[in-house]
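Asker: The structure follows.
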Amino acid sequence: MTAVAQKIIENLKMQDEVRSSDIDAPYSEIHGALISLESRGICNVKMEESYEEVLTPEGEEVERSGSQEYLLLESIGEDGMSIEELERHSLGKMNAFRNKWIRREGNRVFRNVESIEDTVRNMVISMKRGTASAEEVEALRKRKLVSRRKKIVFIATKGPMFFDNTSYVTELTSEMVLDGSYRDLSFKHYNFNAEGNAPQCGSIHPLMKIREDFRRIFIELGFSEMATNQYVESSFWNFDALFQPQNHPSRDAHDTFFLLNPELSTDFPSDYLKEVGETHRGGKYNSLGYMSNWDIKEAQKNILRTHTTSVSARNLYRLAKKEFKPAKLFSIDKVFRNETVDATHLAEFHQVEGLVVGKGLNLTHLMGILREFFNRLGMGDIRFKPAFNPYTEPSMEVFGYHKGMDRWIEVGNSGVFRPEMLRPMGFDSDVSVVAWGLSLERPAMIKYGLKNIRELVGHKVDIEFSRKSEICFFD
């Protein structure tokens, strides 16, 4: 039995309870002793949580030297202070000007008062003594001189085996077995409910946890998942099959990653390729098209897909070649954009896409599906805004109200696929397809409270973030 455990027992003999805060020993030793005593039934242990206000490093500096405004005033001589030197006292400068303790004349700053009482330092000292008022503590917290810290205290009381002085053996050795001494010993019982150390093994990335929850929502709604294992795509399936003009800005090298090797694709359905080209050039199916030249070499260029709608186009083409049957499909996978990397944008991200194939589907059906889908994501309050997409008409942007940010944010894009996209595939004129898409990273950042996307994806992600992040369910 350790010295700390013995001290706890001695204290319990004289009083009803012992608090860990009253024991002069390291936290780890106290905690270990309490666990050992509780496992043997000698004492019962409960945990009490509380919060206390403590000085931050900045607060401790104010306690030692004084507040920034006080130090600023003390450093201004009779000939004043230069503006350059004043800039080194950013916080003190603001408070001194606000209280009219200093004034500016030309390029120098002068005192308005000879001296001041350092009330901030006085509040810090009162806080440390425990005599500060709630208003004073709040004022110090706003200046980041005080922070709130969780305090955990363990309370031990006598257990059912407190008066049992039996010395328990924790390990059975070969010598005990050979000489038979184990028969006269009392062995400590195993606690099979005790938690062991977490193994240092691989962890599921938080983004993958979110992806699995998206998959669950789609599957619960009766959707089937499309295969998305083709990152390299031809411009034909990525752009042309979607009725996106060849002079569209998104097809420029500033927005798209083009492959050098292999540079071109040649494997296209010939009849479908011809239909798409004619629809672009002069229009078909009651459309004028783009009334411009359509170059097959432009369609052959290989790229890193810019959206998973290219996957949708391939699957819709296969569906059009079969006997008509309504379908609900979805995909979640990586896409690539040649964008400037910042706090909210990466050159690669995950796109979530869903589509419904049926007869007579219109904007009303799409809005109903979207309300149900986003409601399951925990975004019951959504709004729609008219938008433009080359391959959907009508098109809508979807906005959700984010309570934490207290504003409406764009959460997705949607629309009804144009006949110029569907008819060349072979669909009849009464077949409609409604679709929508959104990124996976944005809701993940919201759920995990992240402000910088590089904290979620990339080489700067903290490994502990992956190990300790809980699964965020959308409800």
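Backbone N, Cα and C define each Cβ position, glycine as well.
From Swiss-Prot, here are the annotated features:
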type: BINDING; residues: THR309, GLN351, VAL352, GLU353, TYR391, PHE417; note: L-phenylalanine binding site
type: BINDING; residues: GLU393; note: Mg(2+) binding site
type: REGION; residues: 2-151; note: region 'Contains the major tRNA-Phe binding sites'
Asker: Here are the binding-site residues: TYR391, PHE417. Which has the lowest count of other Cβ atoms within 10 Å?
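Answerer: Candidates: the binding-site residues TYR391, PHE417. Fewest Cβ atoms within 10 Å: TYR391.
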Asker: I want to check the contact list for VAL352 (L-phenylalanine binding site): same chain, sequence separation of six or more, C-beta distance under 8 angstroms. What comes out?
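Answerer: Looking at Cβ-Cβ distances below 8 Å from VAL352 (L-phenylalanine binding site), excluding near sequence neighbours, one finds PHE214, PHE330, SER331, ILE332, GLY437, LEU438, SER439, LEU440.
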Asker: Mean pLDDT for the region 'Contains the major tRNA-Phe binding sites' (2-151), rounded to an integer?
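Answerer: Value for the region 'Contains the major tRNA-Phe binding sites' (2-151), mean pLDDT as a whole number: 85.
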Asker: What's the CA to CA span in angstrom from THR309 (L-phenylalanine binding site) over to GLU393 (Mg(2+) binding site)?
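Answerer: Each residue's Cα considered, THR309 (L-phenylalanine binding site) and GLU393 (Mg(2+) binding site) end up 15 Å apart.
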Asker: Give the distance between the Cα atoms of GLU393 (Mg(2+) binding site) and GLN351 (L-phenylalanine binding site), rounded to the nearest whole Å.
Answerer: 21
Asker: THR309, GLN351: which of these binding-site residues has the sparsest Cβ neighbourhood within 10 Å?
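Answerer: Ranked by other Cβ atoms within 10 Å, the binding-site residues THR309, GLN351 bottom out at GLN351.
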Asker: According to DSSP, which kind of secondary structure is THR309 (L-phenylalanine binding site) found in, if we only use helix, strand and coil?
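Answerer: Where THR309 (L-phenylalanine binding site) sits, the three-state DSSP reduction gives helix.
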Asker: Provide the three-state secondary structure of GLN351 (L-phenylalanine binding site) computed with DSSP.
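Answerer: SS state of GLN351 (L-phenylalanine binding site) = strand.
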